[in-house]
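Q: Handing you a structure now.
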Amino acid sequence: MQSDPCEEPSSHQNSVPRLRPVHLSSPPFPTGVTLHGMASGWGLRAGTWTSSQASWNASSGGAGAGSGALSGPWYSAHKTQLFGVLLAVASNFLISVSLNIQKCAHLRLVCQAEQKPYYTSRLWWCGIALLGLGEVGNFTAYGLAPIALVAPLGCVSVIGSAFISVFFLKKTMRTADILGGTLTITGIYLLVTFIPNVPQELTARQVQNYLVSWPFLVYSILEILIFCILLYFYKRKAVKHIMVLLMMVALLASLTVIAVKAVSTMIALSVKGKMQLTYSVFYIMSVLMATSCAFQIKFLNQAMHLYEATEVVPINFVFFTTSAIISGVIFYREFQSATLLSVFMFLLGCLLSFLGVIIIARNKKEEHLQIPFIDCGHIPGQKLTGKIQPDSHCSCYGTLNKEDDLVKRQS
């Protein structure tokens, strides 16, 4: 005789009968519905579905996955990259603060009656300390996030300098600064949103394999050839055009970011317990990083000496970012699994960042220090008794040798 499932079980039964699970070919409920509510509707105990409910919500981003937007699966997959992004943004902001502090220190020293070396100023050393802290943060960020993401974030220092100078140096906020900042922030948002998720833990073995891969070998040969051609025109033909100088800086920067990411990642893995410092490739990358960085600074200083900073800054940012992205794509294969939409939106974010930096730096005049007179005692062959005015844009203004001729012409 078939027993009624609603009846109480008899005393001689040793186990409670279970309901047989029902297998559905396609779930007749939306993904966001939890299994707890359906189990109560079917008359089942909620405890039977605890593990299934947890796994379902964890995979679909439901209520069991967390209480905020940063607790879903997207955050779990991009947590390290987001930390690298925040670190790069904070580091570049510190760099912009440090540069403004150093400039403020120089202005204060100029206004003093007794001229002192800049390295005697505590304010200047404070700026140097912040600059070093920002560079260390950037170095660490390369080990946490892709090169293609960290390199464009250098535009944060340009935005920061434009806005911080209003408070430190009492400059006027321009409409171009607001427009350029808006474009740059929009570009940064697109960069962070559409960057592909790539593994950031690079072992020394992987770096060795990347060094001997044929895409990087072809890229290295082409880069060496282009650099030698530019260096020939720079040394032999004395061509010191801004494009030649900054293209050499960009070619060296591509090697610098490759080495920085490798060294930073291997140090991070060694700190975690996976020793990577015993491999020779670590020291090869360290030497490459120091050498390329030194020559990069040399050519960049040459460009800053010959041209205005309003020309050098935007062109160098565009060249540096482009070369860094290309090197990351070729050496670390950062866009290997990216979709076409992600690549397009990422390039759009780069374009907006470039436009923002160019707009901020455009038509921004160089401010020269206003010195009331020049002490002839600091000029060889002149006496302390004479004071002359600084040279104006006119070739014959303020010079001692033409002063008598100018007086004769006026009389």
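Backbone N, Cα and C atoms are what each Cβ position is placed from, and that goes for glycine too.
Okay, so TrEMBL annotates it like this:
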- 1-23: region 'Disordered' (REGION)
- 82-101: transmembrane segment (TRANSMEM)
- 122-141: transmembrane segment (TRANSMEM)
- 147-169: transmembrane segment (TRANSMEM)
- 176-196: transmembrane segment (TRANSMEM)
- 216-234: transmembrane segment (TRANSMEM)
- 246-269: transmembrane segment (TRANSMEM)
- 281-300: transmembrane segment (TRANSMEM)
- 312-332: transmembrane segment (TRANSMEM)
- 338-361: transmembrane segment (TRANSMEM)
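Can you walk me through where each of these features ends up in the structure?
A: Outside the transmembrane segment (122-141) by six or more residues, the chain places 84-85, 87-88, 90-95, 97-102, 104-106, 108, 150, 153, 260, 264, 268 with a CB less than 8 A from a CB of the stretch.
For the transmembrane segment (216-234), the residues of the chain that approach it from at least six positions outside its boundaries are 210, 240, 244-245, 247-248, 251-252, 254-255, 326-327, 330-331, judged by C-beta separation under 8 angstroms.
Counting same-chain residues at least six beyond the ends of the transmembrane segment (246-269), those with a Cβ under 8 angstroms from any Cβ of the stretch are 139-140, 142-144, 147, 151, 200-204, 207, 223, 226-227, 230-231, 234, 275-277, 279, 281-282, 285-286, 288-289, 292-293, 295-296, 299-300, 303, 312, 315-316, 319-320, 322-324, 326-328, 331-332.
Distant neighbours of the transmembrane segment (338-361): 148, 152, 155, 158-159, 162, 176-177, 179-191, 193-196, 310-311, 313-314, 317-318, 321, 325; these residues of the same chain sit at least 6 beyond its ends, with a Cβ under 8 Å from one of its Cβ atoms.
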Q: When each of 82-101, 176-196, 281-300, 312-332 is checked against the transmembrane segment (147-169) for Cβ pairs under 8 Å, which one has the most?
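A: When the Cβ pairs under 8 Å are tallied, 82-101 comes out ahead.
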Q: So what's near the transmembrane segment (82-101) in sequence-distant terms, Cβ-Cβ under 8 Å and 6+ beyond its ends?
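A: Non-local partners: 75, 123-124, 126-131, 133-138, 140-145, 149-150, 153-161, 164-165, 168-169, 188, 192, 200.
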